[in-house]
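As structure tokens, the structure follows; a few thoughts come after it.
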Amino acid sequence: MVTMGKKVDQEQSYYSDWAHIDHGVDADGRATELRPLALSRPHTQAFHLAWLSLFACFFAAFAAPPILPALRPALVLAPSDASAAAVASLSAALVGRLAMGPACDLLGPRRASGVASLVCALALALAAVYASSPAGFVALRFCAGLSLSNFVANQHWMSRIFAPSGVGLANAVAAGWANVGSAAAQVVMPLAYDLIVLRLGVPITVAWRVAYLIPCAMLIATGLAVLAFPYDLPSGCTYAGGAKGEGFWKVVRGGVSDYRAWVLALTYGYCYGVELIMENVAADFFRRRFRLPMEAAGAAAACFGVMNTVARPAGGVASDVVGRRFGMRGRLWALWAVQSTGAVLCVMVGRMGATEAPSLAATMAVMVACGAFVQAASGLTFGIVPFVSKRSMGVVSGMTASGGAVGAIVTNRLFFSSSRYTVEEAISFTGLTSLLCTLPVALIYFPRLGGMLCGPSESDTVDHDGHDDDDDVNKDDDYMLLK
């Protein structure tokens, strides 16, 4: 414990020193704005490590769908095996994210992230080596899905080192750039497979295993880089077991007992959950409906994921902008409006694909627009998450992030796992479900910040950035991110 205390003191000193030389840092050492090119700042270094590490995780998690035509004969896969494997991947993400939340609160997000990447790299490598049947394919996707637990560490880390005025943008950009890893996998994995088979003459039963060296190497490299970074938290934020001495169950209870965390988990299940569904089915959708070859279908599907480069960060920017102008009410209204628009566009994608002679260009255009809105909604969601609970931030982040996996699992089981619906019908039903599950955002309410339909009820006031205007605020009240 003494060692841990010294470690935290060193981190506090390191970050707080920047408050005296950098006007972009508050008194607690947290960055008040995101400066991606200011590489000498520890906050920027942590930001780049966080998104690169999560980029590798998304690449690994979605490495299989674009090379499914090659995996089917190699592992003797039936049509239902792909759906079962997708559910396994999403289930692993759910379990991993639920576990990662408390781990971040108790150990710190940096250590939890680095260890998770290395463990997943080992598990994925073993699964790739020994897979020889449909059960092996399910195990492969399960191991890859576990790496998505790093999303919680990513968001937790950004929420700790960025002040409320910039946390929405930081969370959104870190997650948005990382999510492009799924799009990169759609393009890189088919090309790598073809290179290994056609240029190197490797048998198809071995070639896909060699291709999996790419995600494994990425996980190892980023995991080691994150662990090598010497600092975890800015001044004023300590590991659980440090200054505050919070117990494991107290931290967990603080998150699961807050209804706002459950509402955000539900709504996130149908913005990020929609994204997970589309990234699992898009390549196969383009191959079957438009008869595209594997490489072209992967490139078409990548258009959905690549929107994360700008869409999710745009959601974070929007959350911070409307937050400064209209407070929490603005953040909530923006989330509802953007996610509802994405849901309507998702319905349109399914309807356009079901036409007798669908247009590839028009379908891709609407799919890209759908991706932009659902990904922006994800950024808007995590512009609200840090305000729910200061003490249990990791648990709330884990619950919300797990909601994305739960939404995708439920949607997959309802609409994509049987022959009852065509893929086009299933996509439309996914959009309708998203539209309905966005409505509970209206139930979220903060006594000092208000909600969608009414203003604050307490006399204590908080400015639009989430800072208290009253220095005598009750120090035990940690339901939101205070100054």
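Using N, Cα and C of the backbone, Cβ positions are placed for all residues, glycine too.
Curation plays no part in TrEMBL annotations; they are all automatic predictions.
The transmembrane segment annotation in TrEMBL covers 49-70 (among others).
According to TrEMBL, the transmembrane segment annotation covers 112-131 (among others). Long-range contacts of the transmembrane segment (112-131) within the same chain: residues 50, 53, 56-57, 60, 75, 96, 100, 103-104, 137, 139-140, 142-144, 146-147, 149-150, 153-154, 157, 208-209, 212, 215-216, 219-220, 222-224, 226-227, each at least 6 residues beyond the stretch ends and with a Cβ under 8 Å from a Cβ of the stretch.
Per TrEMBL, the feature transmembrane segment maps to 161-178 (among others).
The transmembrane segment feature in TrEMBL is assigned to 184-202 (among others).
Per TrEMBL, transmembrane segment is recorded for 209-229 (among others). Here the transmembrane segment (209-229) has Cβ contacts under 8 Å with residues 45-46, 49-50, 52-53, 55-57, 59-60, 63, 67, 110-111, 113-118, 120-121, 124-125, 128-129, 131, 144, 147, 185, 188-189, 192-193, 196, 202 of the same chain, all six or more residues outside its ends.
Marked as transmembrane segment by TrEMBL: 259-278 (among others).
Per TrEMBL, transmembrane segment is recorded for 333-354 (among others). Proximity of distant same-chain residues to the transmembrane segment (333-354), defined by a Cβ-Cβ separation under 8 Å and at least 6 residues beyond the stretch ends, is recorded for 267, 270-271, 274, 278, 285, 289, 315, 318-319, 322, 326, 362-363, 366-367, 369-370, 372-374, 376-377, 380-381, 383-384, 422-432, 434-435, 438-439, 441-442, 452.
Distant neighbours of the transmembrane segment (360-388): 155, 159, 164, 167-168, 171-172, 175-176, 179, 258, 260-261, 264, 267-268, 271-272, 274-275, 278, 282, 286, 290, 300, 303-305, 307-308, 310-320, 323, 328, 331-332, 334-335, 338-339, 341-343, 345-346, 348-349, 352-353, 396-397, 400, 404, 431, 434, 444, 446, 449, 466, 479-481; these residues of the same chain sit at least 6 beyond its ends, with a Cβ under 8 Å from one of its Cβ atoms. Feature annotation from TrEMBL assigns transmembrane segment to 360-388 (among others).
The transmembrane segment annotation in TrEMBL covers 395-415 (among others). Within the chain, the transmembrane segment (395-415) has long-range Cβ neighbours (under 8 A, six or more residues past its boundaries) at 83, 86-87, 90-91, 93-94, 97-102, 104-105, 148, 151-152, 155-156, 159, 251-252, 254-256, 258, 261-262, 264-277, 280, 378, 381-382, 385, 388-389, 421, 425-426, 429-430, 433, 437.
Within the chain carrying the transmembrane segment (427-446), a Cβ under 8 angstroms from the stretch's Cβ atoms is held by residues 259-260, 263-264, 266-267, 269-271, 273-274, 277-278, 281, 285, 328, 332, 335-336, 339-340, 342-351, 353-354, 370, 374, 384, 387, 407, 411, 414-415, 421, 452-454, 456, 479-480, all 6 or more beyond its ends. For 427-446 (among others), the entry in TrEMBL reads transmembrane segment.
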Non-local residues, at least 6 beyond the ends, that sit with Cβ under 8 Å of the transmembrane segment (184-202):
55, 58-60, 62-67, 70, 208, 210-211, 214-215, 279, 282-283, 294-295, 298-299, 301-302, 305
So, does the transmembrane segment (49-70) come close enough to the transmembrane segment (161-178) to give 3+ Cβ pairs below 8 Å, pairs being at least 6 apart in sequence?
yes
Which sequence-distant residues neighbour the transmembrane segment (259-278)? Criterion: at least 6 residues beyond either end, Cβ under 8 Å.
90, 179, 304-305, 335, 339, 342-343, 346, 367, 370-371, 374-375, 377-378, 381, 384-385, 388-389, 395-396, 399-408, 410-412, 416, 427, 430-431, 433-434, 437-438, 440-441, 443-446
